[in-house]
Amino acid sequence: MTDKRKDENSGKLLYCSFCGKSQHEVRKLIAGPSVYVCDECVDLCNDIIREELKDNTLSPKESSEELPTPRNIREHLDDYVIGQEHAKKVLAVAVYNHYKRLRNGDTTKDGVELGKSNILLIGPTGSGKTLLAETLARFLDVPFTMADATTLTEAGYVGEDVENIIQKLLQKCDYDPAKAERGIVYIDEIDKISRKSENPSITRDVSGEGVQQALLKLIEGTIASVPPQGGRKHPQQEFLQVDTSKILFICGGAFAGLDKVIEQRVATGTGIGFGADVRSKDNEATIGDLFKQIEPEDLVKFGLIPEFIGRLPVTTTLTELDEEALVQILSQPKNALTKQYGALFDLEGAELEFREDALKAIAKKAMDRKTGARGLRSILEAVLLETMYELPSKEGVSKVVIDESVINGESEPLLIFENTETKAISAE
């Protein structure tokens, strides 16, 4: 390979074979077999290749003329998630802005740099945090992976390295870094890595503050080096480079006890003795009401380090689901549990009917167990176990009816046969 200085010594004037500029009009002229290319044409070719690669790695949703609007995203979430209206609106706007930034680059035509906005979801168990993240990824048709913060440790200690999160995301898209960079990562149980006290620890906390420190760069944006196909790291191995600044991170947790921290901050007229603030039980704020008043300082007191909180600028809270919401969850969403079990029974040629009092009884059981929507499936499995065991062996069953007494264990499901004969199922 040669450059323009060598050819100047021979006295021959050289030109770029692509743009026709002479060696005096460009900074560098690279020689090949009977052809020359200037540095400007090389830069132009690189830009063209980058744009082509960008277009080829966009998901179907991104490559369409327009991104789904926040309203479109919210409406899709409504089809699968009951309640949590404020959280859905916050998520819709944050996700829309994130993918708009990816499509148009980090810098606007005016030179304004667009920052990255990761999301923190705070809400009790079974309130829909994971479902919201999964539904978003499915709607946008982007790679999605989940990680459990409780299994993470600092590099060099027993446990999962934080870079394993990116490795899981790569597995979901056949180890294509460009596709992974447009994915969504949901980190659950993020509250479990809070440090033991509000003040920085002088001892090693490898599963608490140490993990927060390790996650900082990953969430903010760094070039993560991941071994291909899950191989162990060694010096001779080529790493896959993934730019995490393009990945949307959603962190979620129940944050048990955070309501007490908020209540302590917002309480007025606190004191002791005769000056104490006496509240009746009726005036006590609910956990959901307190979560709505959350401030970054509350999360610091809970045990998250300020730098970590700063990487999660979009914070939204989910409220505890009441009995009415659980009844709706059982029957209204597109993939409602009653519809799922109905489809299973339909494969056996029988219709499954849940009466209204049965849905209320299921919701009441879930409320008593304090498991939220997460506990609904286990209740239904227990109730329908005997029926699902016997039904494939029975002939002529056209309908199975579940009422409140079945949920409470007082009677067996009602079987309606094709000849209209009705009887309760019995274990034979």
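Residue numbers in this text run from 1 along the chain shown.
Including glycine, each Cβ sits where the backbone N, Cα and C put it.
As given in Swiss-Prot:
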type: DOMAIN; residues: 4-57; note: domain 'ClpX-type ZB'
type: BINDING; residues: Cys16, Cys19, Cys38, Cys41; note: Zn(2+) binding site
type: BINDING; residues: Pro124, Thr125, Gly126, Ser127, Gly128, Lys129, Thr130, Leu131; note: ATP binding site
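Annotated features, which come from Swiss-Prot, shown on the structure.
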residue : record              : Cβ neighbours (10 Å)
Cys16   : Zn(2+) binding site : 21
Cys38   : Zn(2+) binding site : 25
Cys41   : Zn(2+) binding site : 18
Pro124  : ATP binding site    : 21
Gly126  : ATP binding site    : 23
Ser127  : ATP binding site    : 27
Gly128  : ATP binding site    : 27
Lys129  : ATP binding site    : 24
Thr130  : ATP binding site    : 16
Leu131  : ATP binding site    : 20
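A distance of 56 Å separates the Cα atom of Cys16 (Zn(2+) binding site) from that of Thr130 (ATP binding site). The Cβ centroid of Cys16, Cys19, Cys38, Cys41 marks the Zn(2+) site; residues of that chain outside this set whose Cβ lies within 8 Å of it are Ser17, Phe18, Gly20, Lys21, Val26, Leu29, Tyr36, Val37, Asp39, Glu40, Val42, given in sequence order. Across the structure, Pro124 (ATP binding site) and Cys19 (Zn(2+) binding site) are spaced 63 Å apart at their Cα atoms.
Taking Cβ-Cβ distances under 8 Å and a sequence gap of 6 or more within the same chain, the neighbours of Cys19 (Zn(2+) binding site) are Cys38, Glu40, Cys41. Neighbouring residues of the recorded ATP site, listed in sequence order and excluding Pro124, Thr125, Gly126, Ser127, Gly128, Lys129, Thr130, Leu131, comprise Gly123, Gly252, Leu318, Gly372, Ala373, Arg374 (Cβ within 8 Å of the Cβ centroid).
Thr130 (ATP binding site) carries a helical DSSP state (H, G or I). Mapped onto three states, the DSSP output places Cys19 (Zn(2+) binding site) in coil.
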